[in-house]
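Here is the structure we will look at.
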Amino acid sequence: MIRVQVPATTANMGPGFDCVGMALKLYNFVEMEAIEQGVVIDVEGDGADKIPRDKSNIVYLAAERVFKIVDRKPAGLRIKLTNNIPLARGLGSSAAATVGGLIAANMLVGSPLSEKELLNEATAIEGHPDNVAPALLGGIVVSAKEDDDIKTVKIQPPAGMKCVVAIPDFQLSTKAAREVLPQNVSMEDAVFNLSRTAILVAALMRGDFDLLSIGLDDRLHQPYRANLIPGMKKVFAAARLAGAKGVALSGAGPTLIGFCDENIGLIAKVMKDTFAANGVRCRVVELEPNPVGATALEKISL
Ligand SMILES: Nc1ncnc2c1ncn2[C@@H]1O[C@H](COP(=O)(O)OP(=O)(O)OP(=O)(O)O)[C@@H](O)[C@H]1O
Ligand SMILES: N[C@@H](CCO)C(=O)O
C-alpha cells in the first residue's frame, strides 16, 4: 500500500497568474493499492459527500494516465482519500488530488516516471502549473511553460512569513472563476503585472515583507473576480490596516490570504468581521508556508 501526503497550495500570489504558487501546511492523503479486480474508492473528510467514487474521480484518472504512459497496470485498484483541503475554495484541492494520484500510481508500478515527468503530466491535467508545482516540490515555485515542458525555480518561503486565510462557506470552481476573465488585456495592464511579479519574486527572495504591498498587486484576474466574492476589496483593505504586509485572492478564490510577520490575531479578526459585514460567513485560519512538497509516507513494492 502506498500512502502519499500532498500539501495545499495558494496559487497566483497576486500578480503571478498561472505561474507562481506556494505550498501550505495543510494536507490531503492518497492511499493506493493493487487489488485483484475492480475499482474501489473511499473518501473521508472534505467533500466526502460530493467527490465521485467511480472512474470519473480525478485521483483515479491521474493514476490511469500513469498506467497508460508506462504501459503497466494493476488488475484492480483500491484508493482511499483523506481530505483536509477544502474543495473549490482556492487552496489547490484539485492539484493535490492530481499530484497525489500521479505519485501514488507511479510508485505502485515501480516509479518509472521522474519528478519532472510527473510535474509535466500534472500540469497537462490541471492546465497550469502554479498549484501542482508547489504541491509536488514544496516551497514557493515560479513556473514557466515551454511547450509541454515546465521550467521551475523554487524559492524557500522567507523566514517569519505567516499566512492568514479566510475561507468563505461557499465554493467557487476554478472553471467558473476563469470564465469571468477577459480574453485580452491592455499593454498597460500586462506591464503592471510584469513589474509587480518581478517585485514579488525579489521580495520573496530577499525576505523583504515591506515590498509585498506593491508586489502582490494585480490587474489580470483579481479585479474581474472581485464581483464573485462579496466584500473582497473591503477585506483586503481591513487586513492591510490591521497589519497585513500584503493580501491576495488565493488561487481562483473565494479564499483570501493575508501575508504578515506579526499581528496575526487582529488580521484574522478583521478579515472574518469584514466578510461577515458583507454577508459572507467564513472560517479564518493561520496556515504556515510549507517548504516541503508531496511526500510518500509508506511504500511496499508489488
Ligand atoms: N480529493 C479529491 N478527490 C477527487 N476530486 C477532487 C478532490 N479534491 C478536489 N477534487 C475535484 O476538484 C474540484 C475542485 O477543483 P477547483 O480547481 O475548482 O478548485 P481548487 O483546486 O480547490 O481551487 P484552486 O485551483 O483555485 O486552488 C472539486 O469540485 C472536485 O471535483
Ligand atoms: N492560476 C489559477 C489557479 C487556480 O487553479 C487561476 O487563478 O485560475
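Heads up, the Cβ atoms here are built off N, Cα and C, so glycines get one too.
Annotations in TrEMBL come from automatic prediction, not curation.
Here's what TrEMBL has on this protein:
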type: DOMAIN; residues: 57-139; note: domain 'GHMP kinase N-terminal'
type: BINDING; residues: PRO86, LEU87, ALA88, ARG89, GLY90, LEU91, GLY92, SER93, SER94, ALA95, ALA96; note: ATP binding site
type: DOMAIN; residues: 201-263; note: domain 'GHMP kinase C-terminal'
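Taking the features listed in TrEMBL, we show where each one sits on the structure.
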{"residue": "PRO86", "record": "ATP binding site", "Cβ contacts under 8 Å, 6 or more apart": "ASP46, GLY47, SER93, ILE167, THR255"}
{"residue": "ALA88", "record": "ATP binding site", "Cβ contacts under 8 Å, 6 or more apart": "GLN171, LEU172, SER173, THR174"}
{"residue": "GLY90", "record": "ATP binding site", "Cβ contacts under 8 Å, 6 or more apart": "THR10, ALA11, LEU172, LEU249, SER250, GLY251, ALA252, GLY253, PRO254, THR255"}
{"residue": "GLY92", "record": "ATP binding site", "Cβ contacts under 8 Å, 6 or more apart": "PRO7, ALA8, THR9, THR10, ALA11, GLY21, ILE85, ASN131, ALA135, GLY251"}
{"residue": "SER94", "record": "ATP binding site", "Cβ contacts under 8 Å, 6 or more apart": "ILE58, GLU126, ASN131, THR174"}
{"residue": "ALA96", "record": "ATP binding site", "Cβ contacts under 8 Å, 6 or more apart": "VAL6, PRO7, ALA8, THR9, TYR27, ASN28, ILE85, ALA135"}
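Shown in sequence order, ALA8, ILE85, GLY251 are the same-chain residues outside PRO86, LEU87, ALA88, ARG89, GLY90, LEU91, GLY92, SER93, SER94, ALA95, ALA96 whose Cβ sits within 8 Å of the Cβ centre of the ATP site. In terms of DSSP helix, strand and coil, the domain 'GHMP kinase C-terminal' (201-263) has 30 helix, 9 strand, 24 coil.
In the three-state DSSP classification, ALA88 (ATP binding site) falls within coil. Applying DSSP to the domain 'GHMP kinase N-terminal' (57-139) sorts its residues as follows: 47 helix, 8 strand, 28 coil.
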